[in-house]
Structures are given as structure tokens and as C-alpha cells.
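Since the structure comes first, as C-alpha cells, the remarks are kept for the end.
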Amino acid sequence: MTPANPMTRRKDRIDDLAATAGSDRAAAVREAGSVDEKPGVSLIASAWQRLRRSPVFLIGAAITLVFVVLALVSPLIAPHDPAANLLLDQVRPQSNPIPGPQPGYPLGADDVGRDLLSRLLVGSQQTLIVGVFATIFGLTGGMTLGILAGAFGGWVDSLVMRIVDVLLSIPSLLLAFSIAALATRPSQLTVIIAVAAVQVPIFARLLRGSMLAQRHSDHVLAARALGVTERAVVFRHMLPNSLGPVIVQSTLVLAVSIIDAAALSFLGLGNPNDRQPEWGQMLGRAQPFIYDNPHLAVYPALCIIVVALGFTLMGESLREALDPKTRR
Amino acid sequence: MARFLIRRLLQMVLVVFVLSVMLFLWLRALPGGTVSAILGERATPETRAALTKALGLDEPIWVQYGKFLWRALHGDFGTSTRVLPGADALDIFLTRLPATIELSAFALVFAVALGIPLGYVAARRANSPVDSGLVILSLVGVAVPVFFLAFFLKYQFAVDHNWFPVSGRQDNLSCTRITNFFVLDGLLTRELDCSASALKHLVLPSIALGTIPFAVIFRITRASVLDVLGEDYVRTAESKGLTARVVRGRHVLRNAMLPVVTTIGLQTGLLLAGAVLTEKVFNWGGIGNALADAFQYRDYSVLQILILAAALIYVVINLLVDISYAIIDPRVRTR
Amino acid sequence: MTATATTPGSSRHGDEPLLSVRDLRVTFTRQGEDPFTAVDGVSFDVRPGQTVGLVGESGCGKSVTSLAIMGLLPARGNRVEGTATFEGTDLLTLAKDKMRDRRGRDIAMIFQDPLSSLNPVVPIGRQVTEVLERHKSMSRKAATPVARELLDRVGIPDPDRRLTDYPHQLSGGMRQRALIAMALACEPRLLIADEPTTALDVTIQAQILGLLKELVTESGTALVMITHDLGVVAGLCDEVNVLYGGRIVERGRRHELFASPRHPYTTGLLASIPRLDGARGAPLTPIPGSVADNLPWEHACAFAPRCSQPVDRCTEQSPELEHDDGGRALRCFNPVEATS
Amino acid sequence: MTLKRTAPLVLLTAAALSMTACAESQRDDSGGSGGGSADSNVKDTFTFGAAGAPELFDPLYATDGETFRVTRQIHSGLLGIKPGTADIQPELAESWEPSDDGLSWTFNLRQGVKFSDGTDFNAEAVCYNLDRMYNQKGAGQTAAEYWTYFFGTFSDDPENSLYKSCEAKDANTAVVDITRTTSSFPTILSLASFAIQSPKALEEGDANNVKAQGEGFTYPDYSMNPVGVGPYKLASYDEANKTVNLVANENWYGEAPKTKNLVFKIIPDESTRRQELQAGSIDGYDLPNPVDWKGLKDAGNNVEIRDAFNVLYIGLNPERNPKLKDLKVRQAIAYATNRDQMVKTQLPEGAAVASQFIPPAVSGYNESIQPYAYDPEKAKQLLQEAGAEGMTLKFAFPTEVSRPYMPDPQKIHAAFTKDLQAVGIKVQEVSKPWNGGYLDDVSANGAYDAWLLGWTGDYNAADNFLGTFFSSPKTNDFHTNVLPWGQQLSDDLKKADAIVDEDERATAYQDLNQQIVEKYLPAIPVSHSPPALVVSDKVEGLVPSPLTAETFDTVTVQK
């Protein structure tokens with residue numbers, strides 16, 4: 001946290017996280033009062049100890065579980081085909097733009113007569129897909145850069161980090177926005193890519209940080225001393241110990257990407273094809289109706305909020321659990 | 001310190017330069033463009049060709065960039081084609097900036113005024129129900145899509161109950177403009193109703209925009225207070241029998257504030273650069289809104305300067321944060 | 001139990017004990033983990049001007065003891081039983097604010113890591129003066145020269161400059177000196193030093209110990225020296241308590257203990273420190289294993305698994321602390337034969 | 001949440017309110033702003049929610065409706081538009097006469113007219129203006145888009161220019177010569193772009209000094225200080241607060257505007273405009289979203305529905321997809337798409353399925369033509385006959401846009417896609433942002449087989465629709481040059497346009513319309529959709545115009 005390392009101030013949450021990995025062993029030692037043979041295990045074990053009793057974590061986990069299950073089974077339990085304009089004949093822009101609740105359609109339909117409940121249920125699927133894939137893409141991208149930088153240091157490091165700096169110098173939403181705009185044919189994929197791209201530099205910095213923290217830690221030095229190849233050192237010794245913070249970040253990113261996706265379709269950069277419903281898209285599309293038929297926006301919004309909250313709760317409590325500093 | 005400053009400045013220049021190149025390529029890679037944005041349905045091949053030529057968009061890209069760079073170095077960032085046709089892009093940025101600063105400032109006040117005290121309370125009562133409650137609350141703040149929150153606020157407090165204005169920065173009161181900070185102008189010109197109107201317009205957007213910074217500041221405060229509470233020097237202070245007030249003030253908070261200051265700085269950067277959603281919902285005449293418009297109409301010059309400026313503001317603020325950090329933290333100062 | 005725990009040697013120091021700890025038991029009850037007793041029925045006395053050592057490896061509960069006495073254990077997550085009577089008042093049951101008044105004035109403490117124990121963002125001088133302001137109700141202005149004086153006394157060169165310096169600008173030794181200066185600012189009657197030298201390199205260690213010794217003798221302050229290093233004790237303490245697994249396993253006056261250690265653990269500790277008077281090339285024999293392998297005191301001798309000469313009883317019942325009239329105490333079924 | 005919110009809310013409100021309190025008192029003695037109106041229970045300000053910022057105030061260089069909406073209040077042309085219709089009426093010219101060959105037009109000007117700067121309006125002024133437009137140079141030519149579009153070229157290329165010359169016979173008589181006869185002239189002189197402005201002001205404001213700079217044009221001072229003949233004149237443009245303030249023009253020849261101040265508040269977001277209206281901070285706005293009409297009416301506002309003066313069509317490109325060269329296939333598409341349902345479920349009331357490419361209000365409209373019915377079976381059969389079963393169709397729609405003729409393109413496209421798939425056509429769905437290259441792909445690149453697009457008429461002439469669509473077969477969107485009758489149709493259209501006699505021309509166009517839909521069907525006409533504009537119940541005297549050419553001088557706003 002000293003200016004000697006310029007962009008640290010950028011998202012110091014990242015570096016906080018990064019630091020935890022490095023100090024794991026030290027922490028373990030301080031905890032047990034004696035040198036612990038295998039830091040990783042005891043760390044996770046004790047983390048789990050704390051998590052089991054943290055209400056924050058339990059709530060988060062519960063929400064997430066429900067969400068994932070829903071995403072898997074929703075097509076089976078959805079009362080109607082979410083793409084079928086079943087109530088289209090009732091739609092009249094003036095008299096009745098949004099068909100209301102009625103037998104068989106507890107929440108009514110949307111502006112082209114598709115069953116709202118079914119769309120909400122099935123929406124969980126695409127939403128999960130967006131979240132998960134955005135995270136995966138962001139992670140892989142970030143890992144590649146981060147490992148390059150963290151593992152080799154030197155000019156590779158500074159080159160990669162300059163690139164990261166440039167990316168980080170653009171406010172994240174703006175970046176997503178810009179990338180989504182490039183898509184000549186907007187689709188779910190382009191949305192995912194845009195959202196993921198924002199996460200790449202963050203993951204990169206995160207990994208690099210925690211790996212640098214370890215370059216000089218005992219077990220890595222030891223491994224080197226034993227003449228383990230650089231590659232092995234990186235993948236067998238440094239990477240595994242950097243994973244804690246990465247996992248935490250990932251859970252948080254799951255939430256962020258779902259929200260960002262919503263923001264994109266609010267700005268009209270979302271996936272134009274709405275046969276496969278996605279909550280963010282539903283929310284974005286509800287804009288024209290928000291005044292007379294707010295429910296059209298409120299339902300998907302609530303879904304997003306709850307799910308995002310779920311992931312964030314998990315991530316935050318995970319982070320606290322893994323962070324030795326908060327263990328006294 | 002001096003060396004560090006110079007290094008940072010150089011770095012900044014580099015970042016901005018690389019960015020400008022990326023930006024330029026990006027703009028040209030965008031589907032469509034100024035020409036069709038201007039011509040609309042009326043476009044005929046002839047008019048399109050003529051316009052393309054007139055706008056110099058037919059030249060090879062590096063030539064265009066060269067020209068852009070040359071002009072930019074002379075403070076000329078081109079002319080708006082659609083946001084405010086014929087206006088100098090730089091001027092547009094300068095007239096919009098105060099709006100965004102004003103909004104960000106109020107949003108930040110909101111975030112800090114709540115974030116730090118609550119963060120401290122949460123840390124003192126770590127793992128208590130109060131703590132968990134506050135943490136969850138703050139996380140809800142993060143989980144709500146900003147634009148939805150904005151809509152919600154607008155709907156509740158502006159449309160349903162007419163407590164606050166729906167959108168914009170000020171009622172049409174024929175106010176005198178000096179700095180384009182409406183609240184300030186009102187005070188300077190003694191047109192207090194202008195200030196009042198501006199304030200009323202600020203409330204809802206500030207809250208909408210301030211929620212995420214609030215959550216972040218809250219969490220950082222909580223975390224760093226937690227850390228400091230466990231530090232040896234706090235124990236030392238206690239062992240000296242110092243009063244609770246002194247221990248908290250001089251030993252706990254003063255150390256805990258370091259990362260918080262950092263974060264506040266960071267958030268400021270984000271706010272100034274990224275208020276697109278809030279500004280759009282509240283039709284706020286700031287940079288974010290201009291960005292959205294410029295983007296919709298493919299107004300290259302305006303996009304260019306706005307994004308560059310956003311990045312620049314962002315990097316500069318980071319630098320300022322580092323400096324302020326150095327000023328607060330003696331360890332850095334004397335290194 | 002209390003009856004048995006009358007500390008002998010009263011003959012030499014006539015006056016009443018300044019601090020007398022009786023049956024101190026500290027149990028950590030961190031939620032989500034089974035309660036763990038760190039200090040288990042520890043009793044000892046400290047008389048004015050006397051220097052008492054608490055010795056043992058890390059994790060033996062010596063630091064916890066001191067924190068318990070100072071009332072510095074975390075507010076939640078632990079249970080403290082027993083008494084620590086200081087000039088007639090029990091510190092353990094004293095009201096928080098009353099305790100604050102005593103801390104730093106009557107009882108002061110020095111900690112292990114001088115860097116982390118100093119507030120990084122407050123100048124050294126301020127950190128000294130704040131004690132005076134608090135307890136001597138001096139103005140900051142009035143306190144400054146006093147602080148300067150103190151820094152000078154603990155042998156910090158160029159004190160005027162140091163007043164305005166920040167901790168990170170001082171060397172390890174000087175930081176520890178500064179801490180000592182703060183501790184002694186209000187001439188406390190009792191000073192607890194928790195591993196004051198471990199974080200320093202050997203040459204500095206000697207200086208600091210010398211300084212402490214000098215200060216306590218001239219100011220008549222009683223000193224509780226907590227350390228894992230018998231070497232430190234050897235130079236300093238009148239009386240030594242050896243702790244193991246949260247209990248005192250052996251006690252005695254310094255020279256006696258060093259001359260003829262009875263408890264295998266004590267001998268172990270002695271054997272593991274290099275001695276100039278030891279035979280050349282005599283091997284250093286460390287104690288095998290670690291505190292991790294302890295047995296529960298309730299129905300065994302916790303040290304048994306690491307003991308050089310265990311007997312069956314050691315693993316079957318718990319040894320009591322037995323006092324002889326010579327002012328020594330021992331907790332062992334199969335002591336080392338007295339070498340005399 | 002609540003806890004978090006209310007605290008500062010209260011604080012700020014308190015602050016704000018207290019300030020207004022002391023402020024109002026201070027306002028009172030300052031006499032308040034304006035307040036000229038005699039009638040006490042009528043407001044002296046009419047605030048209109050504009051969807052976008054005006055580009056500039058010199059209509060010659062303007063290109064979009066939001067700009068014209070403002071310039072129309074401060075400028076007038078030789079010809080005006082009869083309120084509530086698409087027909088022309090005298091304005092600055094009281095009458096006009098063509099020569100027998102229709103190439104020379106004599107305009108008798110209204111007398112005693114002054115520009116808002118007090119200078120006189122007369123024949124010199126008229127000719128000065130027309131010549132000014134004709135003599136645009138360099139960037140000015142590119143910027144003067146409407147001139148290019150309606151008059152062709154400028155003085156540096158006289159052959160292709162419709163305009164020839166203007167001569168001031170006497171103070172009140174101007175004679176304008178044109179190079180060919182067309183139904184468009186003199187009607188086009190009613191377009192806001194060709195308004196007559198004060199020669200003095202144009203001179204002093206260096207009005208023609210348009211420069212291309214960077215990626216845009218820079219406009220001279222004049223463009224921000226317009227001087228014209230109109231009920232209002234520009235008072236101020238508060239760019240920082242996004243409001244345009246107009247004030248009554250005391251030099252106007254007509255009767256003084258009923259409301260002294262006219263304010264345009266720029267609110268790009270449609271739902272925000274509506275909320276502002278609901279909150280009473282604006283008195284009306286244009287193009288309310290059809291789905292809002294009901295809510296708006298229920299809330300007591302007046303939704304003024306204009307006559308539809310537009311057409312939405314499914315464009316087809318036989319060059320890109322040869323299957324479309326077969327009339328049967330094109331007709332199949334017409335039969336397959338359930339346009340009736342689309343109109344009912346998506347377009348505002350008053351919208352109708354289009355039987356031809358011009359709206360009923362335009363002269364030359366053929367009542368007798370029946371729209372293609374919705375008949376999937378027929379469609380399948382036709383496809384079969386054409387051997388085009390299972391053909392694929394690259395069918396595109398624009399995103400990030402809403403036009404009067406298509407409120408939500410994506411929804412319309414989705415509906416038709418379903419229909420087409422139902423008759424076994426494989427639809428390849430494509431979309432692009434409106435400003436993000438959609439129009440390029442439709443016109444310049446011809447990148448789609450079929451697409452959604454439409455047209456809103458500029459003035460009442462069939463040529464403004466049909467000519468735009470189907471003339472110049474080489475370059476038009478429908479690539480009619482690859483169809484046997486492409487050139488033929490183009491020529492016929494030109495001939496019809498050149499007919500001087502009104503009725504003769506009308507019949508000619510009626511026949512053409514019939515041929516186009518029944519014999520050619522180069523594209524599928526879909527619907528005419530009436531744009532609306534909404535004002536609060538306090539507003540009276542606003543006359544909606546099919547051409548969205550309202551002037552607000554007749555408007556009164558009750559307190």
C-alpha cells in the first residue's frame with residue numbers, strides 16, 4: 001500500500017485480497033502458536049469452522065443454492081413456454097398494453113402476451129449462464145495475464161501491468177459499454193464478453209499481487225532451492241496458494257456481471273433476442289412500462305437483487321473467513 | 001517524493017497516450033458512424049459520400065489519428081456533430097463537468113457521512129447482530145442495479161409524492177450562470193431560489209449515485225477498524241491506561257482512516273467518470289449523460305474527449321490519492 | 001489450594017507482596033471452538049523491588065497471564081477466574097475505568113515487538129507525553145520536557161530530535177527504549193515485560209536488559225519478566241517460575257534453580273541454551289516434540305510425552321505442585337536427582 | 001435501506017425548503033420573471049418537453065425534427081401549412097402563380113411584415129434568402145442537407161439544380177424560376193428549412209461561414225442568433241440546464257401569441273418526459289409512447305392524435321436474394337405476415353394496415369386498393385409454385401430507435417418472423433443499432449434480404465413517398481434495377497411528378513399505386529401509424545399537425 005507501487009490504490013480491495021494469500025502461513029503460525037505443517041488445510045478448515053456459524057454466509061449460500069436449482073429445473077416447472085405469445089390477442093396498446101393476472105397466468109403476461117411467471121422462472125437459467133460464463137471468461141483472461149506478470153516478473157510484468165493499468169483507467173461500466181458497442185451483431189455472447197472483459201484486469205492484478213506476495217515466501221523459495229522448475233513452482237506452489245482470493249473475487253464477480261448485464265440492456269446494448277428470457281434483459285425492456293405497469297420491472301429487478309445479494313454475501317463472508325487479519 | 005511524482009506523471013502520460021490510440025481505433029471500429037447518424041433515412045449515396053469527405057472520414061486511419069493528435073496537442077478536440085452541433089468538444093466537456101462534479105460531491109457526502117460512522121460501529125460490534133445487519137444492508141446497496149434504484153427513488157419521491165423534482169438540475173428560473181455549479185452560482189449571485197432549486201434537484205440523484213460508494217466505504221472502514229483494533233499499538237495504548245476516547249481517536253481511527261481515505265479517493269474517481277446510469281435516469285446535464293448521447297449519435301469528437309477526460313480524471317485522482325496518502329502516513333512521507 | 005500457595009522466601013523481603021496472583025485461570029471460549037484453558041491455577045507473588053521471571057516456550061500461557069493481570073485480554077471470548085491482588089485491590093474484578101486509572105500509572109507493561117507496539121502515525125514524543133497528560137494531568141506543553149528527559153534516561157541519543165520522529169525512523173533497540181520510557185513515565189510500582197528482547201538482535205538484547213535492570217533497581221520498581229529464554233532470566237531475576245502447558249511446573253530462586261533444576265522440563269530448557277562454561281563440544285540437546293503433543297493436565301502430566309524420564313504415573317494421574325520449605329516448588333512424579 | 005436514505009433526505013430537504021422560503025420573499029420585490037398576459041388565470045409560460053437538443057437555429061443547416069420544432073416558432077416560409085392538415089396555405093406569400101409552362105412562379109408577398117430585428121421583409125429579402133441557399137459553398141453545401149435533397153445541387157452545378165433564379169419585380173413581388181416542372185414546387189417552400197430570414201442579420205452573423213473541422217462542422221454566430229419572421233424569437237439557450245427559452249416577437253405581423261414565454265425543456269428519455277408532465281413541470285411533449293396513451297388520458301391529459309402521414313414497410317432486396325425476383329415469393333411474404341394483428345397489438349389507435357406506399361392524406365391515394373389479406377395457406381402455395389419452399393430470408397430490424405411508424409421495431413420484427421416461419425421460410429434474424437450502421441446496411445451495403453423501415457412525409461406530395469422509394473433504380477434501397485420493370489416504374493414516377501395539373505397528377509398516381517402493389521410489389525407496405533402529442537388538461541388551443549409542424553402561438557395554459 002505504498003505509492004512505490006503506483007496503481008495499488010486502484011481497487012485496494014484487490015490488493016487486500018491478494019495480501020491474504022501471502023500471509024497465510026504467517027497467520028497459521030500465529031494461530032496455532034507453533035509451526036503448522038500444512039498451512040492450506042488448516043486455513044480452509046478453520047475458515048469452514050467460522051463459515052458454518054456465520055449467518056451472513058448461510059443466508060448467501062441458501063439463496064445461491066435455490067437460484068442454481070431453479071436455473072436447472074425451471075424449464076420443467078414453468079407453466080408455459082416462455083417464448084409463446086399466448087395472450088397476444090388481449091394486448092391492445094391503448095386499452096390493455098399488459099395483460100393482467102388471470103387463471104393460468106398468476107402474474108399476467110408481458111407486452112407481447114408471454115406468460116410473465118414462466119419468463120421469470122426460465123429467466124434464472126440465462127441469468128446464471130451470463131453470470132457464470134462472464135466470470136469464467138474474466139477469470140481465464142485475468143489468470144493468463146496475472147500468471148505471466150506474477151510468475152516471471154521483470155519486463156513481462158511491467159508490460160502486462162501497463163496494459164492492465166490502461167484498462168483499469170477506464171471506469172468499468174464505460175469499458176463494458178464500449179466493448180458491447182463494438183458488437184456488429186449483439187447477442188447473449190457479446191453481452192457476456194463485454195461484462196467479462198471488465199473483470200480481466202481486476203483478476204490479473206489480483207493474481208499478480210498475491211503471486212508477488214509469494215515469490216519471496218518461504219515455501220516458494222524452498223521449492224526453488226530444491227531446483228524445482230519455474231513452471232512447477234508457479235503452477236504447483238504459487239497458484240494454489242493464490243486461489244483463495246481468486247475464489248472470493250469470483251463469487252463477487254458472479255453478482256457484478258449479472259448486474260452489469262442488466263445495465264447494458266438498460267442502455268440498449270443487451271441481447272436483442274428475447275426469446276430466451278434473462279432477468280437483466282427483462283428489466284431493461286420493461287422501461288417503457290415502468291410507469292403504468294411497474295411490476296414488469298419490479299419482478300426481474302427483485303430477482304436480480306436477491307441473487308446478486310446471495311453471491312455477494314457468500315463472497316464477503318468467504319473473504320472474511322479466509323483473511324487471517326480478521327481472525328483475532 | 002519528487003522522483004515518485006515524476007514517475008507517476010510519466011506513467012500517466014503513457015497510459016493516456018495508449019488509451020487515446022485504443023480509443024481512436026475503437027471509434028472507427030464501431031458499426032455505423034457519424035455520417036449515417038446525421039443523415040438518417042434521408043441518406044443517399046451522394047450525400048453520404050459528400051459528408052464522409054467533408055468530415056475527413058475517408059482518409060486512412062493513421063492519417064486521421066495523426067491529425068487528431070496534432071489538433072489535440074493544440075487543445076482542439078474537434079467539433080461535436082450531434083450532441084451540440086458545431087460546438088467545440090472541449091467546451092461541451094467543460095460545461096458538463098461542473099454538473100457531474102456537483103452531483104458526485106453530494107453523492108460522496110452522502111456516502112461518507114453514513115459509511116464511516118456505520119462502518120466504525122459495525123467493527124466495534126463485530127459479529128454481533130448489529131454488525132451482520134449493517135453488513136447485509138451495505139451489500140444490498142451493492143446488489144441493487146443503480147438505474148433501478150434511481151427509477152425507484154424517482155417513482156417514489158418525485159412522481160408519487162411530489163417531494164422532489166423528477167429530473168434535470170434546476171427549475172427554469174432564469175438564473176445567472178458563473179461557474180455552472182448551480183448551487184454555488186446561486187449563492188454567489190444571491191439568487192437563493194436558484195440554489196434551493198438546484199439542491200432539491202440534487203437529493204435523489206445523489207442518493208442513487210451514493211449508494212455503492214456508501215457500501216464500499218462502509219466495508220473498508222469496518223475492515224480496517226477491525227484490523228487496527230487487533231494491532232499491538234492499540235494494546236500498548238490500553239496498557240498506558242489512556243482514556244477510551246484517546247485510544248479510539250488517536251490510535252484506532254487515525255490509523256484506520258488510511259485505507260478509507262484511499263477508497264474515498266478511488267470512489268471519487270469512479271463517480272466523476274462513471275455516473276452514466278444515474279445521470280441518464282435523472283436527465284442530469286453532466287458528462288455521463290453527454291457520453292450516452294454522444295454514443296447514441298456516434299459523435300466521435302465528443303466521445304473521444306469525454307472518455308479520455310474520464311480516464312485522465314481517474315488517473316489524476318489516483319495520483320492525488322497517493323499524494324494525500326503520503327501526507328497522512330508518515331511511513332510513506334519520509335521514505 | 002490457596003493455603004498451600006504461600007510463597008516462601010518471605011524472610012528475605014519482609015514487606016507484603018505488591019502483587020499476589022492466586023489461582024489464576026484463563027479459559028478461551030471462542031464461539032465455534034471447544035473452550036481451551038490457557039492458564040490453569042497459576043499463583044505467584046511479586047514484592048516491591050523484586051524481579052520475578054515467568055519462563056516457558058511460546059504457548060505455555062505466560063503472556064496470557066500478564067495480559068490477564070493487566071486486564072488487556074479481549075473483551076469477549078474468554079473467562080478469567082482467580083485473583084490478582086495489587087496493593088490490596090483485586091485487579092481482576094476492578095471496574096474498567098478504575099483499571100484504566102491504574103494502568104500506566106501503577107502497573108506498566110512492555111511488549112515483545114517494539115515496532116508493532118508503537119503507533120506508526122504518532123510521533124514518539126507524543127506517545128510518551130500522552131501518558132503523562134493522562135495520569136499526571138500535565139498539559140502537553142509541560143509534558144514535553146519531561147518526555148525528553150525520559151528518552152534521555154533510557155539512553156536515546158539526541159532526544160530532542162526523536163521527540164518529533166516517527167517509530168519507523170528509529171532502530172529496533174531505540175524503539176524498545178522508547179517503549180520502556182513510556183512504561184516508566186509515571187514511575188509505576190510494577191512493570192511487566194513480555195519478551196522485551198526477543199525481537200531484537202543479541203547485542204541490543206544485552207543493552208536493553210542492562211537498561212531494565214538498572215532502571216528497576218534505581219527506581220525500586222518491581223519487575224515481572226516474561227521470557228522463553230533462561231539466559232535472560234539468569235541475568236535478571238530473583239525468583240523464577242517455569243510454566244508448562246498453562247501451569248507452573250517448577251519454582252525457585254534463580255541460583256538454586258540454575259544450580260539444580262529438578263523438573264525434566266527445566267533441565268531440558270537449560271540444556272538447550274548454549275553456555276560458555278559448558279564443556280567444549282558438549283552437544284546442545286533440544287526438547288523433542290512440541291506443545292502440540294501435550295496431554296490434558298486433568299488426568300496426566302502434560303509434559304509426559306516429551307519427558308526424558310517418564311514413569312507410568314505420569315500418564316495416569318495429574319501431579320500437584322509441591323512446595324518445600326526452601327522456597328522451591330515442583331510438579332513432577334519423577335524429578336531429576338538434585339546435583340549438589 | 002430506509003434508515004440509510006431518510007437521514008440526509010430530511011437534512012437536504014430542510015435546507016432546500018428553508019432556502020426557498022427566504023428566496024421567494026427576495027423574488028417578489030424583483031417582480032418575478034415576465035408576467036405580461038392580461039388574463040390573470042392564464043400562465044404566461046408554456047413549457048414543452050423536447051426529446052432532443054436543437055442543433056442550431058438557422059433552419060437551412062438543420063436536419064432533425066427537434067430543431068425544426070423550435071425554428072418553426074421563430075421563422076416562417078413563403079408558404080405555410082394549414083393547421084391540422086398537410087396542405088399548404090399562404091404565409092409570407094399571399095398568393096402565387098405559375099407561368100403556363102410551370103417553370104416560372106410569381107409570389108405576391110404579404111405587406112408590412114418586419115423581421116424580429118425590425119428590418120423590413122420584402123421581395124429583395126426573399127431573393128436574398130433563396131440565392132443564399134443556392135450559393136452555398138464547400139461545407140455549407142454538405143450542411144444544407146434539405147436543399148441538396150429537394151433542390152438537387154448548388155450554383156456550382158446549375159444543370160442539376162431545380163432552382164434557377166429569383167427576381168424581385170417590386171417590393172412585394174418575387175419571381176422564382178425553376179429548371180423543370182415538379183409537383184414538389186412550390187410546396188417545398190413550406191418546409192421549415194427554407195424559411196426566410198433577415199438579410200441584415202444573415203450578413204452581420206456571417207451566416208454562410210460553415211467550416212468542416214475535425215469530425216464536424218463549425219457554425220457561424222448567426223446559427224445561435226436567428227432573426228426571422230415568427231410569433232416568437234429566441235431569448236436564450238441555457239445549454240447547462242438544457243432549456244431553450246423563446247419570447248413573443250413584438251414585431252410579428254400576426255396577432256400576439258396567447259402565451260408570452262415558450263420554453264423547450266430537453267428531456268431525451270421518454271418515460272422521464274411523461275413523469276415530468278405528471279409532476280406538472282412541463283405542459284406537454286411530443287410522441288408519447290403508444291402504451292402510455294391510456295395512462296396519460298386517465299390522468300386527465302389530452303392526447304392529441306395526428307393523422308398518420310407515414311408508412312412502414314418490409315423492404316426487399318432481390319439483388320441479394322434472387323428468390324425475391326419472383327413476384328410470387330414477394331406476394332407470399334405479403335400473405336404470410338399477419339399485419340392486421342400486428343397493427344392491433346402494437347400500434348396506437350388510428351393506425352391502419354397499409355394497402356399502398358402513401359398514407360390516405362396524400363393526393364394520389366387510391367381508395368380502391370385492398371391490402372393483401374393474411375392467408376398463410378395462399379402464401380405456402382405461392383412459395384411452392386415459385387419453388388421457394390424453405391427459402392431462407394435475412395430479415396433485419398434496427399435497435400436503439402423508435403420512430404413514429406414503428407414504436408418498437410424489435411417487437412414488430414419478432415411478430416413477422418413468427419409468421420414467416422409459420423409458412424416455412426427460414427428466417428435469419430439480424431439487428432443493428434439505428435445509428436450503428438443499420439441504414440448503411442440497408443441502403444449503401446444492401447446487406448439484408450428484407451428489413452423494416454418507413455418514411456414520414458415532408459409535405460403533401462406522392463412523389464415525396466414514391467419518388468423517394470422507387471426512382472433511380474440503380475441506387476434505391478429495393479434494387480429495382482434487377483427487376484424487369486425497374487426502369488419503367490422510375491420513368492413513370494418522374495412523368496407523373498411532372499404533371500402540372502393537380503387532378504391529372506392525382507389520377508396518374510392512383511394508377512401507379514395500383515400497379516406498384518398488384519403488379520410489382522417491390523416491398524410490402526405494412527401500416528400507417530398516427531403519431532400523437534400530449535398536453536396537460538390545462539392546455540388549450542394546440543392544433544396537432546400531421547407533419548408535426550405545430551406552431552404554439554395559439555396555445556393558452558390555465559393556472
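Cβ coordinates come from backbone N, Cα and C, glycine included.
Automated prediction, rather than curation, is the source of TrEMBL annotations.
Taken from TrEMBL, the feature domain 'ABC transmembrane type-1' covers B:97-325.
If you look at the transmembrane segment (B:9-27), the same-chain residues 6 or more away from its ends with a CB under 8 A from one of its CBs are 61, 64-65, 68-69, 72, 300, 303-304, 307-308, 311-312, 315-316, 319. If you look up TrEMBL, you'll see B:9-27 (among others) marked as transmembrane segment.
Among the features that TrEMBL reports, transmembrane segment is placed at B:103-122 (among others).
With a cut-off of 8 Å between Cβ atoms, the residues of this chain six or more beyond the transmembrane segment (B:134-153) that come close are 118, 121-122, 204-205, 207-209, 211-212, 214-216, 218-219, 222, 277-278, 280-282. Annotation source TrEMBL lists transmembrane segment at B:134-153 (among others).
Sequence-distant contacts of the transmembrane segment (B:202-220) (same chain, at least 6 residues past either end, Cβ-Cβ under 8 Å): 102-104, 106-112, 114-116, 118-119, 122, 134-135, 138-139, 141-142, 144, 146, 149-150, 153-154, 157-158, 164, 169, 183, 259-260, 263-264, 267, 270-271, 275, 278-279, 281-282, 284. Here TrEMBL flags B:202-220 (among others) as transmembrane segment.
Within the chain carrying the transmembrane segment (B:256-277), a Cβ under 8 angstroms from the stretch's Cβ atoms is held by residues 100-101, 103-104, 107-108, 111-112, 116, 119-120, 123, 146-147, 150, 209, 213, 216-217, 220-221, 223-225, 227-228, 284, 286-289, 291-292, 310-311, 313-314, 317-318, 320-321, 324-325, 328-329, all 6 or more beyond its ends. The transmembrane segment annotation in TrEMBL covers B:256-277 (among others).
Sequence-distant neighbours of the transmembrane segment (B:305-328) (same chain, 6+ residues past either end, Cβ-Cβ under 8 Å): 1, 5, 8-9, 12, 15-16, 19-20, 23, 77-78, 89-90, 92-93, 97, 257-258, 261-262, 265-266, 268-270, 272-274, 287, 290-291, 294. According to TrEMBL, the transmembrane segment annotation covers B:305-328 (among others).
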